[in-house]
């Protein structure tokens, strides 16, 4: 016999499939006695018999899709064996489908392509979804997410499978939407309804229907001059809504009439990236801006192109130092130039612009000059104080030009300004008083002294000439005694000088320059005459004619020390030349007399001999000069008996004559004059030193 049962596939183990005892018509207590057992075909155990209840129970959860796949019917066959007596029953259990599987696409994402120029109505077939369930639980329909351009169409295949297709309803524009993302949903007919989804990505294939577009079409870039070569100026922002070769853009400079512009020498353009870089140094002073035209061309067929215009404006940097131009220079300038006298005209220029090109001139403050702005970028250098060539014969004037850039740049230029001399300084003697000495009896033309004067001026203003002034201080014009070399100031004698006549001369010397308005100054040279031993002593007493002798009597009994007489002599010379000494000339026999060396007194040296013969003495008076000069007198001394003679009478010395008094006065005046002149000289020297 055959028993038939059915069980839904989603029942849990222990579920009662059928009442075997009832369907077999046996009692419950006999089932155990008859050793009832199940034998599964295929060796899989899905069921068991509950002998106590006499029912067929589900031993494990069933999966119809795993057991039977896509078969429309799914049955499990069992054999029920009963012993005592042995009986065999066939049991067939139909596994009923339950909507326990959702539709599923083989690929979770479907990628489709369609050209952007496709016509509406174009169909794109889709893959079908799979659902292991059967019947009404299998796929019932498909749905597509809303789309402006696409719709879903479902066709029935011969085997009843529903085939979804996407239909283009509205023309596409890849440049607006390059990729469309849709969702395809498969729905089954179960209750509740289960579904499965797949992402549908539709790529719109490009067509070369868009030209390259530069954004912005006209742009401006600011770039510092002197940037390193290779500096990125800009990267052109060019878009081509097409893709692939249609959107692959190449860049090139756009030239006028196929003549390369100047900018092509300074800038490079990468044809692939659109990067514009410098390829040579940029100089603001050469050009402050450049206009660059660029052509952007795609590789479509036919090719389309766009144009970009770039203005590169250079930013000036302080890369140029100021330049100083000496337009005019008045050199030399007179030292008596009045303040404000224009010395030089100076121009400045700076190739930079703005503050970088604003230039200020300056000179050292200690100079007696100043800068006066004449007009833009032109200055006058004028005197700003008195000039003195004797203090500064010229000036190295350094003019410094400084711009206002940051950092500042400076240039300096030095030029020499010579100061021309004017005769504003009188000659000046090294000393207003000088002292000179000259031997008397010197030959005419003997050099006495050289005066020296200086003049801080130069040229003819400092050319000096010397002369001797006749100021009437001497009875005879001084020019009869002295002359002077007008070029070197050396004083010479004109004639031989006599100390005994003139002991000192005041020689006034004038020095004069050769300026147009000659200036002069004077000095006095005191010329002292040095005495020479040119005068022999003169015996004043006793005064006897030449060749005669002086006779003197003395007592015959005169004792030693008795003053016989005194020799008085004078010497017109002075000093040691006038120092006189007295001595007796040596004779063959000794004389009883002696003469005092200094006073000239002749005295009895020893007792006189008894003789009536007179004594003859030769007294020599000698000066102390070199060579020494002398004079002598013969004295005859006669002793007499009982001769007593008054000393004064016998001596009979001469009275002082007026001539002798005048000589003494002259000597005193000379000594006082020499002392005064020496004091004055010492005072002048001390004052100069202080």
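Glycine residues also receive a Cβ, built from the backbone N, Cα and C atoms like all the rest.
Residues or ranges marked as domain 'Cadherin' by TrEMBL: 47-105, 106-214, 215-324, 325-429, 430-539, 546-656. According to TrEMBL, the transmembrane segment annotation covers 663-687.
Beyond the transmembrane segment (663-687), the same-chain residues lying 6 or more positions past its ends with a Cβ under 8 Å from any Cβ of the stretch are 431-433, 435, 503-504, 526, 528, 570, 572, 574. Averaged over the domain 'Cadherin' (546-656), the predicted model reaches a pLDDT of 81.
In terms of DSSP secondary structure, the domain 'Cadherin' (430-539) contains 7 helix, 48 strand, 55 coil. DSSP assignment over the domain 'Cadherin' (106-214) gives 3 helix, 54 strand, 52 coil.
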